[in-house]
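Engineer: Have a look at this one.
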Amino acid sequence: MLEEWHRVVEDTKTSVDVPDLVRKETSDDQPEARTISTYDQDVDYSSLSESTKSMRSFKPKISHMSGLPLDMLILNHSFGYDCRKRANLHVIDVDTVLFAAGNIVVILNLKTQTQHYLHSNSGGGIGAIAVHPDKTMFAVAEKGNAPDINIFDYPDLNCIHVLRGGTEKSYAFIDYNNNGDLLASVGGDPDYMLTVWDWRNEVTMLRSKAFSQDVWRVTFSTELAGQLTSSGIGHIRFWKMARTFTGLKLQGALGKFGKTEISDIEGYVELPDGKVLSGTEWGNLLLWEGELIKVEIGRIGKKPCHNGAIQQVIMDEGELMSVGLDGYIRVWNFETIDAAERTDEVAIFEMEPMNELLVGQDVQVKNLQKSSDKEEANIWYGQDGNGGIWRLDLSFSFTSQAPEKMCNFHAGAVMAVSPSPGSALLATIGVDSSVIVYDCAAKKQMCKTKFTMGGSSILWVPTSVDPKNMTMLSGFSDGVVRVLVYQKKRAGKDPYARKTKYTDRTELVLKQVFKPHTRSVTSIAIDHEGKILATGSDDKTVFFLTVGETYDPIGFITVPSEVTHLTWSPSSHKQNTLIVSCKGGQVLEVQAPQPGCYDTSHTYQVTGLTIRTHIFKSVKSTIRHEEDLARLKKEEEERKEREEEERKRRVERGLEIDEIPEEEVKPPEEPWDPYMPDEPSQILFCHHSVEEGKFWVSVGDFDAGYLYECEFVGDEEKETMQKGKLYEPTRFLPVESSDDVPVTTIAFSSTGVMMVLGMKDGSIRLQPLETPGDIGTMGDYWRNTMHDNNYGQITGLGISYSDQYLFTVGADGNVFSYLLMDEDKLMEYIKEAKLLKRAEIPPVLVGRQHSGWSDVVLLERSHIEDAKQKSEHDKMIALAEKKKASVRQTINEMRSEFKKLLEKNHEIPQHLQLSSKEFEMAAEIRHELNQQIFDKVGQVRKQMAWEQEKSRLSLHKIRARYKDPVECERIILKAFLTPHLVTTYRTSSLGDDFFRAKSEVNARRTTNFSRDDATRQSVKQPSMSKKLLSSSESLTKRVQGNITTTLKGSMGERINKALAKVEEKKHRRALRRAEWDQLNSNKPPDNYEDPADVAAIAYAKDNMGDYKLKSASDYVVPDHLRMNTNKARSRLLDLKEYIHHQKYYFNQRLLQLREKKLNVICEVKTLTSKLFEVQKQLPSDLVLPVPQISEITPEEMPEKKYEYDINILQKFKKHKTASKVTSGFTGGFSVATGHSRTLDAKSSIMTSSIKGTESGQTVLEEITTSEEVVQSQLENKLQQMERIKLIYERDRILHSINDMISNFDAELRCLRHDKFKMDVDMKNADLKEVTLFEELQLLKEFEKFENEMEEKVDEKRNENLQMMEKIEDVQTKLEFKKKDIDKLLEKEKTLHANFVTSLGDNNKFAEYLMKVFKKRIKRSKKKSDDNEDSDDESDEDSDDDSDWSESEEESDSESGGLDLDVCPPGCDPHMYDETCKMREKRLDIEELLSEEKRQKDVLNKELDVLQKKAKVIVMSLKSAEDELEAFQLEKQRKLNELDVIVILKLHQILHINNASIAADLTPCLVFESHNVIKLAHRIKELEQEKGLQKEQKK
C-alpha cells in the first residue's frame, strides 16, 4: 500500500492537465484503480495555458519557509450536499450530475456513486454552475474578491476559458442561451451586476445593474433571441438587447405587480409568444404580458397551485410544469394558460392541472433537471431541499416508474460529528433531526435515522465505556438525550420503507432516552475515567449522570449563561474537573460530583461542589495598540537608520555635510483607553492547558483572531491582584492570516502532535505542536478553504482513532472526509502513510437485553428537575388530601349520628316526635344554599351555552360528513339456532357529485348524437326546385296562349277546330308528362340501398363467424366500439350505479328479514306467555322446557347506538368512572353505549329466564298441591280430557315456535348463500371498475388529440355534404333547364303546325307566307323585368344584329321578287298580318330557347368545377378518416396493454401441454365460449358452401 501511495503521488505530480484538488474515484470493488491528486510543487507552469495557470494559482496557504507539504491534507470523500442552495443540481452526462459543495464542485455518477472533484480557483466558494446546452462543457462562477467564471470542458475537466470582472464579491446565477454562444451572469451583494458575455472570446458584451436587492435567477429566452428575464426578492425584470444609435444596449423593464401583492419570485419560464409565467410565495402562478400581470392563476375552489412557494416553472416539449416546496410537480395546459383572462368578477383564473406527481410527503423539490439520455426522455432528476436527489419519471402514464431516491444527505446545517473510537466509522447529527453513520474507508453511508426534533450534539462513547464501540449519545434541541446503539439491521425491519437507491444493512437502535434539559443540548462530554456524563444546554444548566448500562441522574448545576462547550480535565491532572464555556464570556471549573453523595429527594440541583469562575476580559484593543506602537517604533528606527546611511555615503563622496538636524520634539501622546465591547464576547471553545488551573479559550465577536490562555484565580488571590489585571489572559497567541475570523472548534490527534482548527469562514487550519497537547507551542500552519465561506461555518471536527482521517461538518450541510498525513512524516515531503483500515460493521447485539426504553413523544416527558418538583408537589397534595379525608370522615360520623337521632325520633310515639323543621337549625341557610345552587346551575348553563352550541354544530358537521352520506350501516343478522350470520354492505348514497357527473355525461352524449345526426343528414333545399318550377311555369305561361284565328266563315271554323284538337292533344301530352315526372321523382337513385338490406348485410358481416382480434395488426375499430372519455366515464358511472343498486337491493332484503326476525321474536314471546299459562295447568312430569330465544343484539341494530336517554347517559358515566379507576378510559361514546345496551339485553334475557323458572316452580307447586286433593272418577275423566287439550295446545305452540325459528334460519341461510354469490359479483365489479378507471385515465391522455382529429373529420364531412348539396342543386337546375328546352321545342313545333294549318289547302300564297313566317328580321331588345344592365343589352343587340341581319338581295331572291315586308296584291291582308304575328311568336320562342341553352351551358361548366372540388374534398376526407383510423388503432393498442383480471376455472383453461396445464399462460388468449361455438359452426358452414360450389361447377 505504501508503494501504491508513492506511485499515485508521483503520477499526479507529472499530470499537468488535471486542475488542483481534482480527485477521481472508482467504485468500492476496484480499490486498486483509486487515484489521489496532490498540490503540484514541482510542475513547470511555463508550459501551461493562461487559463490553466489561473486554475492552478490557488493552493493551500502555508506559513512562510515552514516546509509543510501542500498535500498534507487530501480530500477523501464528500458525504454532504448543499441541498438548500438554489439551482444546485445539474445534469452533465447520462447518470452523471454535478453540484457545489462548499468550495468544491462534485461530479457524481448516480449509478456507480463515484465522485470527481474540482476546487474553486479563488478559494472563496462556488457561487453558481451552468452546463452548456450540448453537455460538452460547464461554467463555474465563484465567490471572493473579484471572482472569476471558469469554463471547463467535459469529461477532460480542463479549464479552457476564464471570464473576469463580472462582479465584486460573488455570482448568484449564470445561464447559457439556447445556442450556447452567450453566457449571462448576475452578481450578488453589493453590486447585483447583470453581465452578458461572449465567453469564447472572454469579453463582456453588455452590463447593467439588475436590481437593488438580491437577484436569484437570470435566463435567456429559448424562443426569442435577445430577450432575458431576471427575478429575485420582490421583483421580476424583463430585459432586451436593443440596438440604439450609440450601439447595443441592455434595456430592462421592471414588472409591475399592480393590485397583486408583491412577491419574491424563485421560478419562471419564458413562453414562445413572449409572455412570462412566474411563481409566487403563496403558490399561485402569475402570467406576465409586457410589464404587467395579465392574470393570476390558481386551482379550482380558491386553492393555490402549490401549498408553498413555487421554486421552478419549466416549459418542456409543449408542456408546462411547476415545481413547489410541497413536493408536488404539476403539469398545466399551456393553451389554457396562454389564453387565460382576468374577469371583473373573479380576480384569479381557476383551473386544474392535467397531471401531478407527489414525490414524497417530506420532500421539498427545489430544482428539476432533465436527463441527457435520449432513450429516457421522460426521466428527470430532482433536488430535494430536505436532503436528497431523486430520479423521477414524468411520463404520467400507467407504466411510469415510482420516484426513486438516488442519494440521501443531511438537510441544512450539520451540527456535530463524532468518529468511532475503534473503526473508520463516523456519526453526524443535523438540524433536520437525523443521525447518519458513514464508513469513510468504504466511502458510503451506512444508515440514517430521523427523529422528531432537530439535533444539536453527538458523542460516540469511548472504548472505556463500550468496548464494542457501538454506542453513541445524541443531544437534541428540545433538551432530550438519546442513547443509540449501532448494529446490523434486524430481519423484517421496516417492510414498507420507500424505494431508495440503496438499502441500509445497519441501523441505529434506541437504547435509552432521557431529558435533562428544557432547551437545546449544546455539548456532551464523558470524563477520562468513563464514569460521569456531563451535558450542557442553552437553558443555562449542566447536568451530571452516571455512566453504566443505563445513564442515571446525579444532579445539575446552574451557570451564568448558555453553555457553548464542555471539556473534562485530562488524566494527567490530579483533580477530575469539568470546564464549562458560556456564551456570556464566563468559564467555570466544576469539581466532578460523586454519585450518591447528594440529597436528590426534593430536587436534582446539586450544591456544595467546588466551582471556580473566570470572566473573560477583552484585551484585544490593548494588544492591537501595543502592536501599533511597536510598528511605529520600528518604522522610526528604520527611518533613522536610512538617514544615517545616507549621511555616511555623502561623507564618503566628499559632499558637504549638512548639519545634523535636531530631533523633532514629538508631541505628547494622547491618553489612550482600551476599548471594551458593550456585550462580552462569547466563548466558543475551551481546552485545558498543560498546567493545572490554566486553560485556553477561543473567543468570538470582537476578540476573535487570537487564542487566549487564562487562569482560574482563587478568592484570596483576587484580593491581592490589581483591580485592572483581574481576569486578564496570562498570554495569547495570534491566529496568523485569519483576518480575525473566529475559531469555532478545535480537535487534536490521538498523540496531541497535530491540532486542527475549524474556522467560522469554513476554512481548516492544521497546526503542528512542538509539545504534544500544548497549544502554546503551536507554530507553522497549513490552511485551506473547503466549506462555504459565507454560511459554511465549521460546526464540528473529528479525527479517526488511527489519525488517518479528518472529518469536518459545517452549517452548509457538507460532510467532508480527508486523508491526514502521518504525524511522524510532517516535516518531510510525502513519505510513508499508514495502511487504510476499512471499518467493520459491528456484530449484532447477542444476549444483551434492552431495558425497555422506547422513543416516546417527548412533549409528554418532563425535565428531570421538573419531575422531581412534581413528585414533591404530589406529596404535598397527598398530605392535603389525607387531611381532607379526615375532615370528611368526621362529617360522615356526624351524619350517621344525626341519622340515628332521626330514627329514634320515628320510634317514639307520634305525639312526642319532633317535626322536621325543629331539626333545622336555620331555615334561611337551607333556602340560601338552594338559591346559590340554582344560581350556580344557571351560571354554568350560561357558561356552557357556547360549548353546547359548539358541540351541537360539531355533531351536526360530523353527522353531515360521516353519518348522513351512509345509506346503510354494516348490520349483522344472526340466526336463532345456528351460528350462521349475514352482513349488509356498508354503502354510501350516490352523492350530488355522481348525479352531476351523470347529467354532464348524458348532456355530452345528447350533444354528440345531435351532431352526428346533423352530420349524417343531407340537408336538401326544395326551395330551389320550387323556384325553378315556378320559373318554368311562368316561362310556359309567357309562351303558351290560346292560339286562334281571326278568319271568318267555314274556313275559320275548320281552323279553330283544328287548333282545338291540337290544344287538346297538347293538354293530354302535358298531363302524361306530369305523371311521368311524378313517377320519375319517386324513382330512387342508382346508388340507393334498402335500409333493411343494409342492416341485414351488416349483421351478416358481424356474425358470419370471422372474429377480428383487437390485438391484430389489421384490426379496424368499428364506430360503435370506438371508445372515448365520455363513453368510458359513462360506463364507469353506470357500473358504479349498478354496484350501488345491487348492494341497495340486497340490503333491503336483509332489512326485511331483520324486520321478520323482530316479528318472530314478538310472536315467540306471545306464544311463550301462552305456553306458560298452558303449562301451569299441566302436571310437573308433562311440563316441557320453555324455548329460550335470543334478543336483538346491538350489532343487528347499529342505528340504535345513536339513540340515548338519561338512563344510558348515567350508565355511561358510571362505566367511564369505573374505567378510569381500573385501567383508564379507552372507549368512545358509541362503544360505551353499545356495551351498556348489550348488558341490558343480557340482563333482560336473564330476567325473562328467571321469570320463566319462577313461573315453572309456581306451576309445579300448584300441581303438587292439586294432586294431594282426592278427586272423583268423573273429575279425573274431565281432568284427563282437559290435560289432553292442554298437551295438544302445548305441542301446537312449541311446534309453531320451532317452525317460525326454523323458517327464519332457512331464509337467512338462503340469503347468506346469495350473499356469497353477490360477493363474487361485487368483487368482479370492483375489478372491472379498476379496469374502467385505468381505461378512463388512458383515454384522457388521447382525448385532446382525438377531439382535434374528429373535429377535422367532421369539418371535412360537412364540406363534402355542402359540396354534394351544391352539385345536387346544379343538377336539379340542369334537369329543369332540359325540361324547359323540351317545352320550348314542343311549342315551336306546335306553332309551326298551327301556321301550316292556318294556310289551308291550295293557297297560292302559301310559299310566300311561309317565307314571311321564316324570315329573320331585326327586332329591338325587349326590356326585361329584371332591368338588366345596359352593357348586357348592348352586347345582346349586337348579337341580334349579327344573327338577324340579311341582305336585301337575299330576301328578294328568296321571295321571287316579292317584298316580304309588304303584303303582295291578291293576298289576304288579314292572313298576312296573322302570319307576321305568328312569326313574332316564333321569334320569341327562339330567343327564349337560345337563352335557356346558354344558361344550360353555364350550369354544365359550374357542375364540372364543383365535381372537381368534390373529388379534392373526398380525398382530404379520406386522408383525415385514415389518420383517425390509425389513431383509433394506436389507441386500441394502448388499451390492449391494460391488465384485465379474468377469473377462470380449471375446466376453462384449454392450454394443455403434455396432458397438463402449461406453467406459463402468457401466450394464451381469453376467449368467450359462445364465440368459439360460432366459429366452430362457421367451419361447418364453409365446408358445406365449398361442397355446394364444387357441385355447381360440375
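Think of each number as a place in line: the chain as shown, counted from 1.
Keep in mind that glycine also has a Cβ here, set from the backbone N, Cα and C atoms.
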Engineer: Of the ranges 250-305, 1146-1201, 1482-1537, which one does TrEMBL list as coiled coil?
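Structural biologist: Here TrEMBL associates coiled coil with the stretch 1482-1537.
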Engineer: So which range, 177-204, 877-904, 933-960, gets flagged coiled coil in TrEMBL?
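Structural biologist: Of the candidate stretches, TrEMBL labels 877-904 as coiled coil.
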Engineer: So which of 625-654, 877-904, 1335-1387 has the most C-beta pairs under 8 Å when paired with the coiled coil (1482-1537)?
Structural biologist: 1335-1387
Engineer: Tell me, what is the mean pLDDT of the repeat 'WD' (514-542)?
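Structural biologist: Here the predicted model's pLDDT, averaged over the repeat 'WD' (514-542), is 94.
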Engineer: Under DSSP, the repeat 'WD' (514-542) has how many residues in helix, strand and coil?
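Structural biologist: Result for the repeat 'WD' (514-542), in helix, strand, coil order: 0 helix, 15 strand, 14 coil.
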